[in-house]
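According to TrEMBL, the protein has these features:
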type	residues	note
DOMAIN	A:17-49	domain 'Anti-sigma factor NepR'
Amino acid sequence: MAHDEGRPNQCGPNVKALIDQNLRRVYQEALEEEIPERFKLLLEELRRKAEGQK
Amino acid sequence: MSDDPAHLDPRDELPEHLSAMRAFAISLTRNVAAADDLVQDTIVKAWTNIDKFEPGTNMRAWLFTILRNTFFSERRKRKREVSDPDGVHTARLYHRPAHDAHLAFSDFAAAFNQLTPEHREVLILVGALGFSYEEAASTIGVAIGTVKSRTNRARARLCELLDLKEGEDPMSGSDDAMMAVMGRSKVQVA
């Protein structure tokens, strides 16, 4: 499955900018997902444990 | 942890980075359930190793390093244990609901999904988040030259998957693949 590394990069500068724009959207969409409650609960639990050890 | 109010507990900063961690995890795994497990592991590791974090440095980058190291080490382990890990993984790929207006972007997302996680990683760090090659190299734990060549190969692979060629003018593009990249651009083309 090795990619042909000898071949030059096929992306022109305009294409590269458009790819980056779409990459930002890929990340942005994931960023806008609602954070599940489990992480807030996990942090609270870790905090409680840490305070219990003081 | 110090009780001195001048020295805030860096763990208090963790909630601010939950969205970024989760977005990076989704970018790597393309699978929300796997991403959530990865974020959970990252939080626990960050919490218990907070003394290794240097206050004043970039916490997001530090968390990304923990997250990606956890992901790739789990992946290596799974590859040894499971005969067809990618098949299992592909079956539960991350997809947002498709709307007609987003059809073209979904082509881009589908091509992105086909990349290796190593390629997705550099593209998200360098292409989406604007990390310098140096920052990305330090986050990933490889040489700067490796990040550069990996990023170039990842972009070239995307171009190949979307059938974009050097010299084509994306502004006049009318084929489906080009429209995929043009996608849901918020920028109006004059």
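Think of each number as a place in line: the chain as shown, counted from 1.
Backbone N, Cα and C atoms are what each Cβ position is placed from, and that goes for glycine too.
Mean pLDDT, taken over the domain 'Anti-sigma factor NepR' (A:17-49), works out to 93 on the 0 to 100 scale. The domain 'Anti-sigma factor NepR' (A:17-49): residue composition by secondary structure is 28 helix, 0 strand, 5 coil, according to DSSP.
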